[in-house]
Amino acid sequence: MSINCIRTAKVPLQTFAAAKAISRHRDSSNRLVSLFGSKSSPSFVTLRVASSMAYEKELDAAKKAASLAARLCQKVQKAILQSDVQSKSDKSPVTVADYGSQAVVSLVLEKELNSEPLSLVAEEDSADLRKDGSQDILERITKLVNDTLATEESFGGSTLSTDDLLRAIDCGTSEGGPNGRHWVLDPIDGTKGFLRGDQYAVALGLLEEGKVVLGVLACPNLPLASIAGKNNNNNSSSNEIGCLFFATIGSGTYMQLLDSKSSPVKVQVSSVENPEEASFFESFEGAHSLHDLSSSIANKLGVKAPPVRIDSQAKYGALSRGDGAIYLRFPHKGYREKIWDHVAGAIVVTEAGGIVTDAAGKPLDFSKGKYLDLDTGIIVTNEKLMPLLLKAVRASIAEQDKASAL
């Protein structure tokens, strides 16, 4: 099977009407100017593409890719074996599903968008799978991917070899950057949640000239109904599980039942104005965020509800539909945020009316390659709460720094 991918950061940009609209755009948003103090355009908040049809083909491909990858992950999660987990230099587990998910997304995007080279910035590469002793796990992944693609008529019964699989995984070795078009993928965001049987997400986004223009979150274990009770805009009383969130620049955010032909519903972030009535999300794993700092910020705001701790960018999806009002992420010192952990989730929230910044109130810049250069952490909330949240964040960080200096 021919796989047409590229692995460099510089991707020639074809002439898209949407790209021209982006380049011509100028920010006229008073609310953002008042929050950020200038008219420097955040990556995904101020850009507005003239036509909502501009990314229709890309969105359809992304939804198909993420949904099929989630289907593969669901199958593996039902029967996780200890041998599926390999060690990784940053100590996070890598599973059979991680590799399989990345291969599925790569193959679907390449097939659906075959008129252009595929630049994919993703978490995994095939190095471990090429080592001696990895043949069994490689064959298992190949079978999983073939079984998954066989459920999709457009693949016409074609069968991948192990070499095809390795090439598909390595399509994800692009470096990204400010030029051209780059897909950004976390094949399983929230791997520890996945292994526990809890929340995880297949997170796929698209960068155009360094700006986020599209995002899809497939969250197989997230209920269609709210996970935070009251104070939300999600009125569903359904007991169904599995959500697909998607957004394109200027067109809003939508949610539908994963792996279903159900009609999408437009969602919005919480409209809560009083911090005392707000609930906040943070990472389940203490290693991913400083819970003590988040607690200090919540206390300064007067938040009364306990934190909702869940894994993965499922938090972004839940926040986009109003399940909570605030998301705080403050990694330990020295940790560098990767773009695939935030690209899809960020546009899903901002297109639902939310704001995503670093701890200094600056918009996230996804044009620098695989890593985000940011101040201290990431904060997410609605327009009305952001000024209060920034004030509380700055005060709490200052107190923490003062205590550390003693």
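Each Cβ is built from the backbone N, Cα and C atoms, and glycine gets one as well.
Residues near ASP341 (Mg(2+) binding site) in space but far in sequence (CB under 8 A, at least 6 apart, same chain), listed by position: ASP186, ASP189, ALA203, GLN313. According to TrEMBL, the feature Mg(2+) binding site maps to GLU123, ASP186, ILE188, ASP189, ASP341.
Between the listed binding-site residues, namely GLU123, ASP186, ASP189, the fewest other CB atoms within 10 angstroms of a CB are found at GLU123.
Apart from GLU123, ASP186, ILE188, ASP189, ASP341, the Mg(2+) site neighbourhood in this chain, defined by C-beta within 8 angstroms of the site C-beta centre, holds LEU185, PRO187, GLY190, THR191, ALA201, ALA203, SER312, GLN313, LYS338, TRP340.
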